[in-house]
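Peer 1: Here it is: the structure, laid out below.
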Amino acid sequence: MDPKKIARINELSKKKKTVGLTGEEKVEQAKLREEYIEGFRRSVRHHVEGIKLVDDEGNDVTPEKLRQVQREKGLHGRSLDDPNS
């Protein structure tokens, strides 16, 4: 997210605590917060999808649900054509 938008979120938050927000500012704050949260969720999802779990013997123990997502995206050499990947 653009640093200017994050600064605006913080500015509106501070103003809300001190003098309060106008109706327009409340709408702007809600929109900016939703945009920030969506970006955060996208980032976490991308990070989790890139994880491959391996046990002490080196065996892939990644949960099947995560493996399926990785197959769909072609991550970690996984492929929809190879159900064992």
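Each Cβ is built from the backbone N, Cα and C atoms, and glycine gets one as well.
Taken from Swiss-Prot, the feature compositional bias 'Basic and acidic residues' applies to 62-85. The region 'Disordered' annotation in Swiss-Prot covers 58-85.
Map these features onto the structure and tell me what's around them.
Peer 2: Sequence-distant contacts of the region 'Disordered' (58-85) (same chain, at least 6 residues past either end, Cβ-Cβ under 8 Å): 48-52.
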Peer 1: Count the residues of the compositional bias 'Basic and acidic residues' (62-85) that DSSP assigns to helix (H, G, I), to strand (E, B) and to coil, and report the three numbers in that order.
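Peer 2: Split by secondary structure, the compositional bias 'Basic and acidic residues' (62-85) comes out as 13 helix, 2 strand, 9 coil.
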